[in-house]
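Undergrad: Take a look at what TrEMBL says about it:
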- 48-83: domain 'EF-hand' (DOMAIN)
- 372-413: repeat 'WD' (REPEAT)
- 458-499: repeat 'WD' (REPEAT)
- 509-536: repeat 'WD' (REPEAT)
- 593-633: repeat 'WD' (REPEAT)
- 633-660: region 'Disordered' (REGION)
- 634-644: compositional bias 'Basic residues' (COMPBIAS)
- 648-660: compositional bias 'Polar residues' (COMPBIAS)
- 718-752: repeat 'WD' (REPEAT)
Amino acid sequence: DKLETKLSVKDLEELKVAFMPDSDYNGFPRRLDRKQFSDELSEIIKKGTKEEYMELFDKIDITKQGTVDWDMFVQFMLLEFYEKDEKVKTTQVPQWKELKMIVSPHKDCIQRIELVKATNKYLSISKEGCIVFWDQHVKMQRSIKLSWDSIKARDLWVTDFVLLPNVNKIAVSFTSKEIAFYDLSSKVDFNCQYKLQELTHTPLCMDYWTNPDDSNESILVFGDIGGKVTAMCFSSAQIALFDRPSQGSDGNQNNNTTVSVKMKDLIRDNSKHTNCRVVYHSAHVGWVRQAIVKYAEHLECFISCSTGTQNSVVIGFVEKASTIMRTTSFRYYHGVHCFDYHQQMNLIATGSVNHQVCLWNPYVISKPVGILTGHMAAVIQVIVNVNKSQLMSFSKDKVLRIWDIQQQICLQRLAGMFPKGPEVQTRLYFDEVRNRLFVTFNYLLTLLEMKIEIRDRVMSHERPVTCAIYNSLYNQVISACQAGTVTVWMIDNGQKVKQFTNCHGQAEITTLELDHSRTRLFTGSTDGTIKVWDFNGHCHHNLAAGRDQPADIAQIVMLKRSIATIGWEPFITVFRQGALTQFYVHPADWKGGKEHQDDILTAAYNPPSMLATGSYDGEIVIWNANSEGVSKKLQQRSRQKLGRRPMTTASTSTLDETSSLRPMTTDSQAIISRLVFLKHRMAVRGNSHTGADLVSCGGGGWVRFWGVNKGSLLSEFVAHHHAGNVIANTDPEDKYLITADSDGAMKVWNIEEYLLQEPTETVYSPPPTLASWQAHSDCITSITICSRNDRLLIITSSSDCSVALWDFHGNRIGEFGQENHWTLSAFDPTLAEEEEDDEAKTQPDESLFKEFDMSELELESRASTAPDMRVVSSHSYDPDFRANTWGNTVLGKAYQEGRLNKRERKQPESAVGPYGILGYRDLDSMPVMRKPDFMLHPHKYFGEKSAKGKKKTGRSEEQEVDSLKAAFDERTLFPKELLDFEAQIRTEHAQKLKHTARDVFRKVSKQKKCM
């Protein structure tokens, strides 16, 4: 953290005293120079170092006056706090994921959706009486169809339901003027325990409140089409909501039978249901649109709304000795469609047909305290987000707005993402725990989930970043975003070097690639073009990969003599290097033709002649890049067996711990999103290599290892559970595999000893996991591995608009574009050797495994579900033995002495700035400098000339003055004030010389007279 952020109020008060004037400053505030500032403030506050105070001084003294006072310090702190507030405001604006359509069995309008907190499940109900239970991942668990014996199924119409969490029940209202209470405790039967009948009017809306201190005390309130609001106050809810009838003569009573309760029996004074009290009011003229009950000690009231012009919002207060509530009404001319209540702020937010959202104080009924304008249609739903003090409003034209309640401003507007259609019924429910917004459109259920919020997050780009690559020639990172902006960063400090905007006009950039010389940048876009740039921002070529049609360029591959491009097409587009002589370049024909049956999504190249392409249907084709012919085809085993089989209901359940041992069964999991050649293995072992040399990953979090020589699948496992898509990359020596998923999670796997030889059958156990962490809050779009100062680093780009730098242990070095610079420290080989020694201490001796049969190890590894499986030897092994011998034996001491006597290896210093790559040499030695004659004898050149001399040279000087005046006029070059000041100085100087000469003449005259 910066030093100024660590200062408390007490520290500021002490600093104010230090700046205050004393007797030495005559009442003026003290001004401290850089040294005084660092010395005195470090002694007073006892926080930070003197270097930090010197940096703080430089930030304050932006005008370079050399001193600062208290006013300048306070002004700087205020500006810092204002900037911090602005950053906080920007992070509070919600960032949403894409709208998700949820398939449900509802056939009619969904009336409501709620969260059952006890079971952590969602519950939704539709008009035809279909109740659906959803798990926390919004996957359907079961559905129940309500039915009545006395009512036909087609005549059954549910109006609303409400949860009764303290008794684990739900209350459902029907158009038959009934409210049924169902028990949620039973896992098998969904039986109706109570049925409230013979209501005065059809109930439209309900709500429920329970006392957090006394679960027996609860209230059920509902509003009907007659404008009546009825509240049922239960005093012993956990025992029974209503009294059951007395037992029969046989003494047996079935608790599963439905108890029918008539409303008129509850209202009577001598009612047998003593634990239920009914109060009501009929203040509304029209239908009660929404009823809500919130318990507040200072209110103790019920709030309801109606679309009528009179009594639009009514607050009902319960009187102790009366069944009729005392009411207070808000008169709003346009009526109120919906409302919500913010208990902490004591505000009522209402939406109406006049496109406005009004904020009301319950104690001020004459006019609203705030009006939020911006909607262009009637507001049909408002929801308060209590955690963030924000308000969500939804209008009839399917526009969602997010408001800041305190500042009464619109933070966000979401439009064009919701499904269009005819007149619909819309319901909203916001889950504040998981930041999920459910929006229903008739029978369609949609989910809008908020992204993980990161305070003070660094945004490398204004729009989501699509890719990032590393230029080893200049030690720079190049990233691109959906806005068509390319940014170049220094990897040594994370700061921006240069930026190119609108590289492809309004189209977004999808991929980046460098040529073999690392001096040309290729950018692919959604408009079907590829542009070739230098690093001064000049475009040299425009490649028409889409053949003058819009096309999504997924990847650019630099082959030996050509450039191959792929992107959502079943064929490869190629450009010959010899054709790059004109600005506009058209593609050539790929000799291999079309071999994929589905769109190609990714490719990998292993010089000099091997090219692999992966398609949407999971097929991998190996090409000869020189002849452009097919070498072989690789297909996933599950694809060969199952083909395009639709997903069953059972297969939609969440993955369990053993899911990585089963083959995939869905088409979405067959997608190949990334291919990576293990080039180091192939180069070391040559053509005789039989182990894994190709890695593929994609849908469902699956990662697969292939043997290209024999075209066989060697291993497959789920690297990221519950992930929609996975990408991967490896380090230059193929020791580590790095995977990342669409949720922003990353993992590092140790593959140095993984599948070096071909196994007898497919392996399902993953390699050991070295690190796992949450890198980004959104989908990771690219992974790049680079080496700098003998350190392996990971560069990631994400849809959360950031580009980050990590080490292989998951430690974040920084995000490109952040305010604080970082420094990449050189790699310390001594520490690395010590770490290797520590790891060796905990690793068993490999010679112990020689007596085991490899087939037995294969079977044992398949049976294990642990990601890091080791074979335990029966021999006793003490890991501390090597540590003791290292410090005690003669051999160990000799190695230690040799290590200490090693020559220190100097690391090359990193180039700083964009001109660090320029070459330079030592300056040539200069001869002894001699002063010119006009410096040794100034009186010869700058003395006053005699009048005679002036006369002789007057003509030539006049000519020179005229010629100079014609070309350079002093009055046009310098301001008038400066010329007047110069003339005044010259006049005063002439007068002083005249007086001096006169005094000298007088003294000489006197001396002559005396002689």
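Every residue, even glycine, has its Cβ placed from backbone N, Cα and C.
Where in this structure would I find these features, and how exposed are they?
TA: Per-residue pLDDT, averaged along the domain 'EF-hand' (48-83), amounts to 81 for this model.
Outside the repeat 'WD' (372-413), and at least 6 residues removed from its termini, the chain residues within Cβ reach (under 8 Å) are 92-94, 337-345, 347, 349-359, 419-420, 426-430, 432, 437, 439, 448.
Within the chain, the repeat 'WD' (509-536) has long-range Cβ neighbours (under 8 A, six or more residues past its boundaries) at 466-469, 471-474, 478-482, 484-486, 488, 498, 500, 503, 542-558, 563, 565, 567, 575, 580.
When the repeat 'WD' (593-633) is classified with DSSP, helix, strand and coil residues number 0 helix, 24 strand, 17 coil.
Tertiary neighbourhood of the repeat 'WD' (718-752): same-chain residues 137, 452, 654-655, 659-660, 671, 673-674, 676, 678-681, 695, 697-703, 766-785, 787, 792, 794, 796, 798, 800, 806, 808-810, selected by CB-CB distance under 8 Å and a gap of 6+ residues from either end.
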Undergrad: Please list the DSSP helix, strand and coil residue counts for the repeat 'WD' (718-752).
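TA: The breakdown for the repeat 'WD' (718-752) reads 0 helix, 19 strand, 16 coil.
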